[in-house]
Amino acid sequence: MKNLLGSTIKDLENVALDYGQAGFRGRQIYNWIYNYRNKKKNIDQIEVLPLDFRKRLKDDGFKVSDLSIHERNLANDGTLKLLLSTEDNESIECVGIPTEKRLTACLSSQVGCPMDCKFCATGKEGLKRSLKVSEILDQILFIENEMNRKVTNIVFMGMGEPLLNIDDLLLSIRSINEDLKISQRKITVSTVAVPKMINKLSAKSFKILGNCQFTLAVSLHAPNQKIRETIIPSAKNYEIENIIEDCKQYVRDTGRRVSFEYLMLRGVNDKIEHANELSHLLKGFQCHVNLIQYNQIDEVEFQRACLKDLQSFQSRLSHNGIAVSLRKSRGLDKNAACGQLRQNARN
């Protein structure tokens, strides 16, 4: 353990004791990291600690951040996108999305993404590696420091497939909940759906967290297998009917409603017959559909569904008894919206 971010109070007390310090020094480090959310990122800046203790920690390679800000982009609607550099010279992006009462942090879980969804910029360069717990948590602290307010909600909808980094994902959720004091019910984990991993998510959540109170959002984006395979290559390995069955089991195991993300693509999946087919697929269990307007990226020629088709689609789902809402896009002018995050080339 060299990065102290992500450590429990017991971990930090043990670090202090290992260096011949009183246990309360570990609690001081804990407060400095989590309660004060200090903008300073170096061990030797923890001024509540004795100078000699700080020096020994730093000399031994301990730190409180693996990331640095390479670029800031503030959209007209107040959305902030940060391009962060990692210690191994990779790049990740995270987004702060403010409203009057909330600040939502959209977090990355991997450097790049292996899923290569055709409508998404993130997977165009493939997967480099998964993020560590400290790198996930640090995104929250950078957003808070840059926007000068506390994050209230978390969505794992940035770069990467969270369920392919499941252990660090769940350990970061534990720290977000226990250390940053953000309720699990204000955390959403989005997945394009990986075989066997939805069931594994619920089982591991109970093992690591003791419960499973966060929201699972499945990027469905199609009412049938044929359409889904054309826009999500990995769908060939996971039949849509099996995804739904695994989601039903997830609801039974956790008691939590599943959300389905549905990207509206003109002429692809946006017609009334698609709404009826989706309604039939989802009928009979606790779920919710988020309709998402497509956000343009350079490499593909998909287009947004027209407003009339979107409204008709939403109305038909509602008429068919499916809970549905329309997600508003944020940060479009700075490529900070859903599907637009990528490893931007750095100068």
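Each Cβ is built from the backbone N, Cα and C atoms, and glycine gets one as well.
Among Ser91, Ser190, Ser259, Ser325, the residue that Swiss-Prot places alongside Gly160, Glu161, Ser219, Leu220, His221, Asn295 at the S-adenosyl-L-methionine binding site is Ser190. Separating the Cα atoms of Glu161 (S-adenosyl-L-methionine binding site) and Cys113 ([4Fe-4S] cluster binding site) is a whole-number distance of 6 Å. Spatial neighbours are here defined as Cα atoms within 10 angstroms of one another, and by that definition Cys113 ([4Fe-4S] cluster binding site) has no neighbours among the recorded positions Glu93, Cys106, Ser219, Leu220, His221, Asn295. Asn295 (S-adenosyl-L-methionine binding site) has its Cα within 10 Å of the Cα of these recorded positions: Cys120, taken from Glu93, Cys106, Cys117, Cys120.
Cys117 ([4Fe-4S] cluster binding site) and Gly160 (S-adenosyl-L-methionine binding site) have their C-alpha atoms 11 Å apart, to the nearest angstrom. The recorded positions shown are Glu93, Cys106, Cys120; of these, the one with its CA atom nearest the CA of Ser190 (S-adenosyl-L-methionine binding site) is Cys106. When the CA atoms are compared, no binding-site residues among the candidates Ser219, Leu220, His221 lie within 10 A of Glu93 (active site, proton acceptor).
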